[in-house]
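Structure record follows, encoded as structure tokens.
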């Protein structure tokens, strides 16, 4: 058998990857000060898409001053500046990295001598692995240390799941999340036909303020897509010809200009002067590409007229959208989170399991996959089955190239039986190390990088209701894919290739030989961890792709004001469902080999430490916030750690069987049973609490006397009792119904009043859900009776613990006494105050005293000035000063004392003080397909000094198309410049 190449591969890999990492870090330090938009965009004041609370301070001076600066910040700082999802990602890396370090301290001093001495005298890293042991009694050290190490992992998983549940419950009771529209809306899908009516749902949930159903709006959706496509083409074509006009006149002599204008007979502001009609941009109609498409048309004239026609068609369908077929999904809105949680926790008991598919809470209208709303249970299950089948087939076929990678990692063992590979034996040691260490690790990274986009696409096609569900679907399948390919396939092929000679000679002992050589596969993962630990983090902070897009491709590809604005103001956002599995598989590998080849723990510790630092920088300074998953990837990642524990235990079991060591075998079987029982217990205890918030927790946070957080079981029993209580009330209700004022929309459906066109002058459809002040009487008279008027004067108002008009005994435990909003006293905040988005004399908006108001797409956002100004009190410390190290160590083994509800809540940043007052018009139609509320497009072109843009604006306006050149100009080089936001830009309020 050939000798192991682990030492030469290790040295070659370490040198090459080490030098690569040094180059990446050097480039990062060199380029960062001169390219702040690439390396610290979150600190720039002129990026409009970053709310002030999320903006970070500039990177501290010094090459690595930011490391100490960020590591010294409390968790509250990270929650505010990296988002809840970013915070839990960092926490996950920190937790598993710390456990890897503990494993080094616990396992290496014992297992390395046990493995290395008086064994099989193997070479290289194999000397330090399980396969070098010959004395069967030594295996007791492995089994008992596996108990300790895996037991520690299991307890930490339990402790972190406990923390996550308390964190979620505390977060949901903060002023921000308590008042969100998504926190007050329950989504129920796949409803049975017998209850898919507003009246049926109102009858079962009488405290609902609004019940909205999804509708089949496929025709309207197609029209909106066509309009958006034409608007994009028109905007690109218009800016293209304007750029050409400016280019034709820039740096021209008077003689050349006279020739261009034909001595004054051609107007300067006419596009025909510069670009004749026949030479203007054209495109083909239809969906087929290039010459296979339909008729070729002038883009400017055709799109302008077509958009005007589409505007009229869309307005008609938007005004009459409720007449379409209803879909089996409804959105039940409540005035408070308390009632929404009561509904969410009792939906299954009241409706029955067979009468609906899924119940969801905490998802905004933007989160909903509206195309999935029409699916019935059978259709959704069929889609999921098809998507899962495709994933299984992908895993099977992807195993072949990955298997080649595993074989290459131990290719030197195949030279005796594969003649054409014998030339490898004549290679220098360093080159052999490159082939067996460098080449397979790079190939594996490339192969795995091709998979995520496909998995995300399958998630969307599988019938996921929300984009969060799609993300969690991607996380589950990408992790499964990685475990099978990176661990199982590579381990099997690598160990098989190293034993092929012996298997051919002794086929009956193939299983024993494979088991004994399984630890040799750890050599590949040492190289893989070096790659991930050295080049991974340094490549991440180098931001080479963003640098290329910003400095090279952006300047070539972006020619319109909107393209340039998007390039500058749009930040990259991490997709957590893809980021997590990439780290989880590394954790799985080091757990699996922690007992078999413990030396791997040293490399995993270094790798995870560097990954933590890299993500700490990027999440604070580079990445923007993605859609809000509320940290849901974190508990899934914790549960998926059990995969690594099970695999490690099964591998040890197989090794003990092959070694015929029955004592360690029985002990390992016992621990597998303990692990499985702990896993089942945690799933039953914690998963039902991820989205359900105990009502007592909400009331306790509001300061209602007699309520406290249910620490004993985190509210699990209370949630079950609420379901039984609500079911009992519904069954005892004799009337099974409620009386509500009739709306004009109801009267139109009943043909009692004419269905007039409700479109407004600006093309925005009338409100499909009438607000309280627009209720109509059944009598047909314009005057309403006093009793009806009293009912109709009710308006949904946002109640906030930050308001100066809070009720007695309603003091939030979130904001301590004396820490209410203060008066403005900083110049920056004074500037915000002067730009108050609403009239000082208009009392229709009642924000908290001293709050910083900002107009947004769905209402007004009121922020805490301390959070906006990054004042020290905005970031509470992690641990009270009275907590000594001894006390903290003791509390580690008692999650109830480590994470009491009130303490966790008080540690949140003051950004959770934010309050949002939604517009009534938005609230009434929030949970409808976005195409119902979609506004007419605004084309944004660059203002040229010739006046051509103004002429084109007038021409487009005659066709019903809104074109504007606000906040744009050409610089002295003839390049497009934007000076402010697009005319259709609005800051987004959290929903």
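Placed from the backbone N, Cα and C atoms, the Cβ positions cover glycine too.
Residues or ranges marked as topological domain 'Extracellular' by Swiss-Prot on the basis of sequence analysis: 1-9, 113-138, 410-437, 493-523. Positions annotated as topological domain 'Cytoplasmic' by Swiss-Prot: 31-91, 160-388, 459-471, 545-582, 626-637, 683-991. Taken from Swiss-Prot, the feature N-linked glycosylation site covers 115, 132. Marked as region 'Disordered' by Swiss-Prot: 749-787. Annotated compositional bias 'Polar residues' per Swiss-Prot: 757-785, in sequence order.
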For the topological domain 'Cytoplasmic' (626-637), what are the same-chain contacts with Cβ under 8 Å, counting residues 6+ beyond its ends? 83-85, 87-89, 91-92, 160-161, 164, 167-168, 171, 362, 364, 366-367, 467-468, 471-472, 475-476, 573-577, 580, 583-584, 686-687, 690, 990
Lowest 10 Å Cβ neighbour count of the glycosylation sites 115, 132 is held by 132
Could you give the residue numbers and ranges of same-chain residues that sit at least 6 residues beyond the topological domain 'Cytoplasmic' (545-582) on either side and whose C-beta is under 8 angstroms from one of its C-beta atoms? 31, 35, 37-38, 41-42, 47-50, 85-86, 89, 92, 235-236, 239-240, 243, 448, 452, 455-456, 459, 470-475, 478-479, 481-482, 618-619, 622-626, 629, 633, 636-637, 940-942, 967-968, 976-978, 981-982
What does the structure give for the C-alpha distance between residue 132 (N-linked glycosylation site) and residue 115 (N-linked glycosylation site)? Integer Å is fine. 6
Beyond a gap of at least 6 residues from its ends, the CB atoms lying under 8 Å from the topological domain 'Cytoplasmic' (459-471) belong to 187, 189, 358, 360, 363, 367-369, 372-373, 375, 379-380, 383-384, 386-388, 477, 575-577, 627-629, 632-633
